[in-house]
């Protein structure tokens, strides 16, 4: 029998009775409200209207059974033990002690006058252990009483609950929550949820030509569409309107069980949980504070059902697993409509954006491959690389380092020169312009796609209710406000108490100092890798082993890039944790403010971490090195490294390739596959392996979801793609294959994320959103910066401008013949500083008197030896002019494309206007119907559609 107090409070316990002798070996049931007599709450609630079914479960069951509802199997579906009431949300908590001990400690907690007598330990027990046990009992009872108060407040909000404690998973108690029909209607009206009415209208596709084109494209892409009902194009659409209990006759309520789908029900319950407070502590505690303090351990909605097994019935999760979370259908479109229906608009928008981004990478990858192939085809006809590889030129180059390095022949750089042409050719400039326009096209295409989804998902009139969010501050913010009000000896409920900039000033100063320190740390790490390259190159030149002395430059480049990759992966995790810590210290008021500030800090740190080594290679390496005889040194004896003869573009390409592939393969894919599986294994270690398989067969839905990983949000997914977007656009002039690698990664990434969301993670709370938020602003910023960065890469990192200047100003025949000799200056080896000349001056077999180095300086026999020549200033002026022209032309073209393409498709704009007119027309007809009924003497107007009496 259930305790009377437990019945009154609307809790339905499903714990097993003790089966062993004395109940010691069996499961225990918590006598939750045994200390509360019935007359505490009174009996007036029994006669209150509309609450009888909520207070007494048997009445609700009889009412549901009268509606001819077929009970569901709780093992296969997320339902209460009766199989009729759906589990909309689950809270878990620790269960550590048997009933007898907990009941005794509860009485000692409630009745303080007996506490001292009960706390005295027996003579044979260690007093220290007894005191520690007493403190644990007190803590457990305090948490239990907070749960009781919170759950009582939930019951007053109309929710129904069922409890399970320690049935199959030891130490874990489950509180299953169900929202009845009346609660769903009330909250839907409060949240202004737009629900479909019974009114339908025809969706026009625009002009007849557009309609024919759409029909043709549907036939062509029919094999690429997933086999789900949501992807079928419908010619009719339900007219949607914010739900209202007074206007229920406008909605099709023929099936109340499916009117509010599972993700809507869970989001409604979550809103109730956020509003409900526990006041037993010194300050109000919401669900976030209760989770943070350990009163509850987990809070999550449930998946619809199983995805595998013989008994798995058809459900949305199973369909998503088969038609979305499978690598074998990588070529198909995503079922965006079903994703939104199951996970909510915010998750649906992320995967829609990822799909648009991946589709737009296809033309970029094709053009990038064509540019790369153009470099491969023209490498044999490239005059500068042919001159480098021509042994007849017999050009002797100056040493690459002091003492250990010797003179070398330019012909030994033949392979590097030929490889650089693959990425440094005339097509590179065209590709940089193309990618700038591509970024603009991508942004415009996404805005139109987003607007179309807003129309389909009835979000055109949805706005992020900022005022509503301000009325629901975060639990941490309320805690700090409470502490501030207590210090001022004011009432905790005083409305004018809030955190000001002065209160946050220590946090702001800490954030500024930490951000500058972390960016400086990133620069220091890059400088450390530079010192590694300089020292390892010197060490390899001094090595007596012939194997080490071959391909020194390639070895140094590759190992340095791998070291950079490892550092980036490690520091990414460190920076993410620090950014969260700094944001928590800042104490933002709302969840939206917290998320935006966290994203901003994380983006700055991770962006700097990923791109600082690349920026150094692209814009700074080889610029501040000095010249032979007067090199620039750092930290005493370390000479600044210089680029190869063919420039730093090849090294930049290697760094981009290793960083991009490494981050995608290791950090993104491997971590996303391995880490969730490892965490799942750790969570299942508490259960015996022998009984694991048998237990999986008997676990209910809420118990299976307990072993899944918690959903941590979409920020890591977005951040991963934003960094990739930067790799694709910022330095695409040096690595035209970046879009191809990004495309291949995203094809895998979509299915990997899908599998993770469907099978590895708990179901997230469905969050309404009409756009991707701050991420769009970051994308716009990166696309604008990419134009400037590519202009600098083409001007200063590649030899594009020097080739043009030589060809049209200095070449005797208008070709590139003689270009290599034109880029090399002369140095008299007798002008070396003491102690810097090569130790093996006869390495080439003859005495060297003059060596060459890449720079534009006057020869030693001129009036101004080793000063910058006129060619240097002419090329510098051309480089700066190219940056200005390139930036303004590309920006102007991008703005023109932005202006040319409307943000809202014309047919969607027409349909939105049509919906507004239909809403007005629908209400006018309702008003006319009321007037007509009044004129014929009918005082009680009948609804257009009958409302069923079955309980949801």
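Using the three backbone atoms N, Cα and C, a Cβ is placed for every residue, glycine included.
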Looking at 390-407, 408-425, 426-443, which stretch does TrEMBL describe as transmembrane segment?
426-443
Transmembrane segment per TrEMBL: which of the ranges 479-503, 554-578, 629-653, 654-678 is that?
554-578
Across the domain 'Anoctamin dimerisation' (79-336), what is the average pLDDT of the model, as a whole number?
76
Recorded stretch that, among 426-443, 508-534, 554-578, 721-744, has the most CB pairs under 8 Å to the transmembrane segment (598-619):
508-534
Considering only Cβ pairs under 8 Å, which range in 350-374, 426-443, 508-534, 554-578 makes the most contacts with the transmembrane segment (721-744)?
350-374
When only pairs 6 or more apart in sequence are counted, do the transmembrane segment (508-534) and the transmembrane segment (554-578) reach 3 or more Cβ pairs under 8 Å?
yes
